[in-house]
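Some features that Swiss-Prot has for this protein:
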- 1-25: signal peptide (SIGNAL)
- 26-62: domain 'LRRNT' (DOMAIN)
- ASN67: N-linked glycosylation site (CARBOHYD)
- 83-104: repeat 'LRR 1' (REPEAT)
- 107-128: repeat 'LRR 2' (REPEAT)
- 140-190: domain 'LRRCT' (DOMAIN)
- ASN159: N-linked glycosylation site (CARBOHYD)
- 224-266: repeat 'EAR 1' (REPEAT)
- 270-312: repeat 'EAR 2' (REPEAT)
- ASN276: N-linked glycosylation site (CARBOHYD)
- 316-363: repeat 'EAR 3' (REPEAT)
- 365-408: repeat 'EAR 4' (REPEAT)
- ASN407: N-linked glycosylation site (CARBOHYD)
- 412-455: repeat 'EAR 5' (REPEAT)
- 457-499: repeat 'EAR 6' (REPEAT)
- 503-545: repeat 'EAR 7' (REPEAT)
Amino acid sequence: MALWRGGGALGLLLLSAACLIPPSAQVRRLARCPATCSCTKESIICVGSSWVPRIVPGDISSLSLVNGTFLEIKDRMFSHLPSLQLLLLNSNSFTVIRDDAFAGLFHLEYLFIEGNKIETISRNAFRGLRDLTHLDLRGNKFECDCKAKWLYLWLKMTNSTVSDVLCIGPPEYQEKKLNEVTSFDYECTTTGPQTDEAKQRGWQLELSLGFCELIFVFQHPLSDFVVHQTLPYQSVSVDTFNSKNDVYVAIAQPSMENCMVLEWDHIEMNFRSYDNITGQSIVGCKAILIDDQVFVVVAQLFGGSHIYKYDESWTKFVKFQDIEVSRISKPNDIELFEIDDETFFIIADSSKAGLSTVYKWNSKGFYSYQSLHEWFRDTDAEFVDIDGKSHLILSSRSQVPIILQWNKSSKKFVPHGDIPNMEDVLAVKSFRMQNTLYLSLTRFIGDSRVMRWNSKQFVEVQALPSRGAMTLQPFSFKDNHYLALGSDYTFSQIYQWDKEKQQFKKFKEIYVQAPRSFTAVSTDRRDFFFASSFKGKTKIFEHIIVDLSL
């Protein structure tokens, strides 16, 4: 910041003018985003910070502090940010949470305190959180003795949704959930006088973290993801396709109103620009290969959606067909599939009166083939082969995911069932491991899910904490199976499948601002992983194998 060092009448004039500015305006002008943070008008994300940013609150609704070095959460530590609705405190160094630590946060709904080095949580640490709906304490293991009684009672009384609190001891409670403990009445009563020291101990909760296995995984990886290339623009979706032995990538860029097509450069060993399809608020670019023809469905929020075809004489994509605006108002996803050697695609419509529609190729063009349910604001569509039968799974903001089955007689999709107890699912993706069908279901806040088909229904395999997730994408490179879980509030997580435990384990954290899609691309015996970013730069990671013998 430059300081005024001049004197005279001009200096006095500037000083007088400054005094006329309201104090709040002066503070707002001086406010800066700390070097360790990333700030927008509504959110702050800090990595490795030693303090809570003292930024003028404005409309700040979410604050994320990750890998911080501060040692305690003091009383009223966040009271200068009264508009907070989400507070994420993950993988920090603090050991103590004091009484009234979150005082002043009357609108806080989501509080995540996972994977820290907590030793003590004061009895009144959560006092004043009247609007709290979600609390997550995972990554901490509790000694479920008398010192945990206050938390046990609080869990019984709170209306908030609280993650499972697992007990590490004593032996009779080991691996049990704290809220499933019968009672502390017998263990925590005495006929003798209770000393002040005993009372103080009863107000504290001792935790111990068991990170040995996790540290081992990170110290001895067999593979890794490293940044290969950074693209200087925002994006919301990435699709890949092959044509004539070359690999291409289509990237939707709504802010630049482009569908950028990249090709792999075999000489420079990176992805370079090949063509650019312009439009209005493009949210999706989906490639369709039919015989020797290459089409790209370009979904737009305004001006209708269109289909482009690659013209070899012009060596570029040219408009081939319009998609009527009356059917698709707010496209949110495009899914390509084949049934009986015929090519279809579906556009999920997320508008209030949306009408998700299936389109079919008829050798001359694509025409609307079947309109699915309306008024459900569909956010995603996934084509799935279940026991040899074709199905569509539609996720929606207004109901649980529904399953439609292809009727061979009518050659239309008909309702077949749903996935119960899975409200607010944004996206559904299918994948297979060892011939077993799995689904990944994305939730923005709460828990995303991995589910498995057991020949009768989909059953839960694993819950993954979601912190502002818009995508949970499965992908594989050779025998390595991964899940990428995006986050708008902290690091995105890459999970790797553990064959022995039959679950996904945390493998690596990557930082991508507001990730919207993850896409695997392989070429020249190299494997890449595109991470689109709605608010920052699009990143391309390379999957590498680490030789531990070196």
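Glycine too: its Cβ is placed from the backbone N, Cα and C atoms.
Residues 307, 320-321, 323-324, 327, 332-333, 335-337, 339, 344-359, 414-430, 437, 439, 441, 453, 455 of the same chain lie 6+ residues outside the repeat 'EAR 4' (365-408) yet bring a C-beta within less than 8 angstroms of a C-beta in it.
Residues 73, 82-101, 134-140, 150-151, 154, 203-207, 209, 445, 465, 467 of the same chain lie 6+ residues outside the repeat 'LRR 2' (107-128) yet bring a C-beta within less than 8 angstroms of a C-beta in it. Spatially close to ASN276 (N-linked glycosylation site) yet at least six residues away along the chain are ASN258, CYS259, MET260, VAL261, judged by Cβ distances under 8 angstroms.
The stretch from 83-104, 224-266, 270-312, 316-363 that makes the most Cβ contacts under 8 Å with the repeat 'EAR 7' (503-545) is 224-266.
Rounded to the nearest whole angstrom, the C-alpha distance between ASN407 (N-linked glycosylation site) and ASN67 (N-linked glycosylation site) is 53. Counting every protein chain shown, 6 other Cβ atoms lie within 10 Å of the Cβ of ASN159 (N-linked glycosylation site). Long-range neighbours of ASN67 (N-linked glycosylation site) (same chain, six or more residues apart, CB within less than 8 Å of its CB): VAL47, GLY48, SER91, ASN92. Residues 272-287, 289, 294, 296, 298-299, 301, 310, 317, 494, 508, 510, 516-517, 519-524, 528-530, 532-544, 546 of the same chain lie 6 or more positions beyond the ends of the repeat 'EAR 1' (224-266) yet place their CB under 8 Å from a CB of it. For the repeat 'LRR 1' (83-104), same-chain residues at least 6 beyond its ends with a Cβ under 8 Å from one of its own Cβ atoms are 57-77, 110-129, 139, 445, 467-468, 489-490. Counting residue by residue with DSSP, the repeat 'LRR 1' (83-104) contains 0 helix, 7 strand, 15 coil.
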